């Protein structure tokens with residue numbers, strides 16, 4: 001291995017980055033330098049439109065500067081190359097920098113083609129290619145109402161999605177008579193047009209734009225060859241890409257007639273020390289405008305530089321994606337151009353699904369396919385095409401609806417079958433990873449990189465892994481614990497169907513042993529959300545976690561914190577004074593929580609009833625901070641006060657919090673209501689998020705902050721309050737019914753077969769016919785709500801538990817506080833030790849906790 | 001071997017724990033029921049792993065054949081008959097003798113051979 005070779009890369013797009021990543025993995029010592037034209041390192045261009053629906057630049061990033069530094073990769077940002085001096089093997093940048101190379105890799109990518117239409121250089125005529133472009137689009141959209149995308153190909157529709165997400169009236173103008181003419185046949189293109197039009201994007205096909213002039217209603221007017229015109233404030237060109245090949249041209253490398261740096265099977269240019277990969281490279285007169293072939297080229301060059309012999313042999317251009325929410329798939333010979341090819345076509349005009357399968361003249365091999373509106377068959381079909389597998393006797397079964405539930409058995413795939421084309425992972429690689437000890441999806445993903453590119457193969461990967469596990473005799477169990485051979489969902493079913501009211505009854509009928517700290521709280525939650533009994537009723541007492549038993553949150557020293565409910569974060573001055581006075585009287589530490597309420601820390605067990613008596617007397621209710629239940633409904637101040645608010649978000653938040661308070665669920669639930677799209681309540685990071693619109697409320701579901709953030713999915717738009725509440729009732733009840741123990745809604749959604757679309761079908765279309773039942777169950781729970789602290793204070797038997805010792809009124813001397821920033825905090829072990837040495841413990845009276853003594857000492 | 005009268009049997013909470021003070025030591029006392037028979041166990045209330053007096057507030061149950069309590073802090077399990085921690089067997093907490101007499105619960109700092117039953 002030549003350890004001191006200088007490898008210079010020009011361009012840090014997805015392909016350039018992949019090359020660096022792969023080379024570093026193969027050769028830890030290579031000197032790698034990358035010159036990057038943009039202001040940041042590589043990012044995910046495939047999911048660019050996500051930038052407008054909440055994905056940040058950081059989330060799109062494929063790497064970080066720290067990661068490059070740690071891998072000893074030299075990089076320059078904002079660095080444009082002026083010239084390549086092939087004789088001296090030297091590259092000169094526009095800032096005058098010079099970089100020598102032994103091997104040079106051109107990964108310069110492509111730029112958006114702007115058709116030569118008069119008026120195309122005006123201020124709000126933009127392209128859609130880089131993060132910088134997106135910032136410019138957002139800026140322009142802020143002062144625009146109507147936007148037009150010129151170009152109805154794959155990228156054009158992505159761009160249209162971006163404009164739609166920015167709230168513009170969106171049009172797509174395409175020169176060809178149909179959308180996505182490369183990937184779809186005419187009927188598929190029509191179905192796509194129809195669906196996209198229904199989603200509010202107007203499609204104009206067969207339109208040649210001749211000029212962009214000043215508009216009457218809008219900023220500009222597009223004038224078409226047929227005499228018609230279209231008014232718009234913003235024009236976005238997405239009419240194809242052109243390779244960045246100027247550098248190659250000016251240093252005399254061979255380029256194609258229509259652009260592109262000519263490369264051979266080794267991805268070498270006409271200079272053996274210069275390689276070209278990705279969208280700037282021209283292989284056999286072809287430019288590959290997808291990321292997977294670019295990655296393949298990158299790996300070929302890595303292989304060449306590290307002594308391997310890999311060659312580039314073309315790439316599969318099949319693609320599956322979601323455009324504007326419409327599923328589209330295209331495989332191989334979509335246009336049936338192979339001589340003798342036969343086509344099977346299935347159309348469902350009601351569901352607006354179009355599927356076409358192109359097979360060889362003998363009907364034995366799959367040549368291509370077009371899928372619009374439903375791509376559930378894509379993975380199976382692609383495997384048939386890529387692996388040249390023999391089709392079943394009746395191949396039409398593969399696209400007919402009856403077959404859609406039965407994807408190709410992963411077990412029948414050969415080991416050579418490519419599962420992940422982004423990272424070129426074959427089934428054999430996955431099996432090998434499992435042989436070496438990986439036995440869950442996460443570890444297989446990190447070990448093989450499968451499904452970490454575009455993510456299109458996620459479902460297929462899962463079925464390969466599941467089938468492989470099954471064939472190895474590994475039973476995929478979902479049992480709650482050793483006492484119940486059932487999942488949480490099954491137990492809930494047993495409880496509700498059998499009318500079981502206590503843990504003892506459930507255990508004797510369906511379990512074994514005595515139960516444990518896993519199944520007891522789970523069953524307590526199931527019983528609560530089925531029958532809503534008082535949680536401290538005698539048979540339920542021993543089932544609860546300590547927090548539920550004492551209706552407070554245990555802290556590290558065994559003391560508790562207390563959180564009264566402050567619905568929607570709205571509180572009167574009088575009530576604030578009460579909380580303040582209680583905190584003073586009981587010497588509690590106070591802190592404002594993230595859920596817009598106040599947490600009081602440092603309460604000893606025996607103090608809890610007295611504290612709560614004061615709070616309940618002042619009209620407070622328990623905040624359920626201790627429960628797997630609704631925590632808070634956060635709100636912004638809304639239209640009542642805010643200049644921008646369009647609805648009363650506080651009023652809505654209070655109503656919703658009061659509706660669902662006390663609801664026991666598999667895990668805690670957080671909600672928020674924002675009064676306008678500025679989203680000050682951060683509703684999109686909540687299990688249930690509600691954002692006001694001019695016409696009502698947009699409902700977001702299954703978001704999460706915390707350890708594993710998940711952006712909530714937009715579930716339904718412009719709902720009136722009644723419909724909003726109905727949907728939330730149904731969603732929450734379905735979650736309670738079907739989620740696993742301690743499964744937040746975000747993970748529940750990710751595990752839900754069919755995902756968001758399925759949830760919509762069940763909740764909105766009521767496909768399972770359980771809507772009314774779910775609503776009735778929720779109504780029963782809402783109607784039987786009672787504040788648990790109020791009930792406890794009225795129950796002498798329950799109150800007996802709130803004492804440290806059954807045989808003494810003393811307090812736990814082990815709970816010791818010191819002062820910090822004018823409040824109490826638990827003493828550290830060291831502080832307690834020091835303090836014990838000075839004053840014997842037995843002299844401690846509970847009313848004089850050693851706050852002051854220690855504060856002075858420190 | 002001095003027995004101390006701690007509380008009435010009614011003061012115990014079925015399938016759960018309470019805490020008692022025995023010569024200045026905190027003791028967690030649990031009442032379980034096995035086939036209609038009440039079983040009472042007593043162990044130290046101090047959780048040496050979480051470093052707080054909280055074991056009486058844990059959930060009781062069984063892991064395999066062992067009768068255990070799960071610490072409410074970090075959920076380690078302690079065997080109610082031996083005081084041994086299941087997750088970290090080198091950690092063993094005190095176990096106390098229990099007897100039930102005339103509706104009263106008695107504790108002894110020394111563990112008896114026989115587990116107490118309703119006598």
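Using the three backbone atoms N, Cα and C, a Cβ is placed for every residue, glycine included.
Positions annotated as [4Fe-4S] cluster binding site by TrEMBL: A:636, A:642, A:676, A:680. Under the heading siroheme binding site, TrEMBL lists A:680. The domain 'FAD/NAD(P)-binding' annotation in TrEMBL covers A:6-290. The domain 'NADH-rubredoxin oxidoreductase C-terminal' annotation in TrEMBL covers A:318-382. According to TrEMBL, the domain 'BFD-like [2Fe-2S]-binding' annotation covers A:419-465. The domain 'Nitrite/Sulfite reductase ferredoxin-like' annotation in TrEMBL covers A:555-616. Residues or ranges marked as domain 'Nitrite/sulphite reductase 4Fe-4S' by TrEMBL: A:627-763.
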Densest Cβ neighbourhood among A:636, A:642, A:676, A:680 (binding-site residues), 10 Å radius: A:636
Per-state residue totals over the domain 'Nitrite/Sulfite reductase ferredoxin-like' (A:555-616) - DSSP helix, strand, coil: 28 helix, 14 strand, 20 coil
The domain 'Nitrite/sulphite reductase 4Fe-4S' (A:627-763) - residue tally per DSSP class, helix then strand then coil: 52 helix, 35 strand, 50 coil
DSSP-assigned states of the domain 'NADH-rubredoxin oxidoreductase C-terminal' (A:318-382) in counts, ordered helix, strand, coil: 5 helix, 33 strand, 27 coil
Additional residues surrounding [4Fe-4S] cluster, by Cβ distance to the A:636, A:642, A:676, A:680 centre under 8 Å: A:637, A:638, A:644, A:645, A:649, A:674, A:675, A:678, A:679, A:681
Segment-level pLDDT (mean, integer) for the domain 'NADH-rubredoxin oxidoreductase C-terminal' (A:318-382): 88
Counts by DSSP class (helix H/G/I, strand E/B, coil) across the domain 'BFD-like [2Fe-2S]-binding' (A:419-465): 25 helix, 4 strand, 18 coil
